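Here the structure is laid out as structure tokens; the discussion comes afterwards.
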Amino acid sequence: HLQEDKKCFICDSEDPFHDTLNPDSHRIENVVTTFAPNRLKLWWQSENGLENVTIQLNLEAEFHFTHLIMTFKTFRPAAMLIERSSDFGKTWQVYRYFAYDCESSFPGISTGPMKKVDDIICDSRYSDIEPSTEGEVIYRVLDPAFRIEDPYSPRIQNLLKITNLRVKFTKLHTLGDNLLDSRMEIREKYYYAIYDMVVRGNCFCYGHASECAPVEGFSEEVEGMVHGHCMCRHNTKGLNCEQCLDFYHDLPWRPAEGRNSNACKKCNCNGHSTQCHFDMAVYMATGNTSGGVCDDCQHNTGG
């Protein structure tokens, strides 16, 4: 830190941070916001001199992600990007690029202004070398400048839905001495360090739940944790209420839309079966009123 007399410390992150026993531990869990009075005593710190560094959050279920606020102990990155995955890390899409010099760091990427809420641009507002500490990088998934006509549309829902969030730092800010002297000891003066990383969102239930519980196998005692197992209603089931309950396949599964619950509907098998499946051809043939087909009919019945 430029304002401190002593500039070099030996870090030991083998054990978690402790105010007195291990104050020089800088593990990634230190970025979890506590809002405690001593929050500036702990931070995450990257390896010295390394420019390409990644922080990845792997969530236990689908979530609605709304915004990210990162508070840095060091200079903010000269270049970075935020990415998302909605299929547990199989594929990734860029949310936004950030750079002091967008054209140099991310050539070919528009610098805006945004024309649509899902435009991918490079933002220069959060990449200045000043302040040298406690500078923020802020990202909102839905820019308040855009009026969202239908928040339940697939386009908006897909923008919000994540299972993984990845922040890639690609360029360090330096004071220029590394350009005159390429020795490792010069480069090692620079690194990324973060006090807080606030990730805001809520459990993702397609409108079929109003509360969430802990996912099986995950701790429920983490303070402030948003749980990922939806307490499903409207005859739905699954971690995210993404399926109809068994024997509720008379209508296709749909997400709720505003005041319309789009609840799954029970099949009508006249008491001769407890199993059914949805058939789109049957649904369309009935004028989109009933698509449930009874399976394993009993009592000498069929159809």
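Including glycine, each Cβ sits where the backbone N, Cα and C put it.
Source: prediction; values computed, not measured.
When Swiss-Prot is consulted, the disulfide partner of CYS230, picked from CYS205, CYS264, turns out to be CYS205.
Note: Swiss-Prot links CYS212 through a disulfide bond to CYS203 (candidates: CYS203, CYS232). Candidates considered were CYS264, CYS276. The record in Swiss-Prot pairs CYS267 in a disulfide bond with CYS276. Comparing Cα positions, CYS276 (disulfide bond) lies closest to CYS244 out of the recorded positions CYS212, CYS241, CYS244, ASN288.
In the three-state DSSP assignment, the secondary structure recorded for CYS241 (disulfide bond) is coil. Non-local neighbours of the domain 'Laminin EGF-like 2' (267-303) in the same chain are 244, 246-253; each lies 6+ residues outside the stretch with a CB under 8 Å from one of its CB atoms.
When the CA atoms are compared, no recorded positions among the candidates CYS264, CYS267, CYS269, ASN288 lie within 10 A of CYS232 (disulfide bond).
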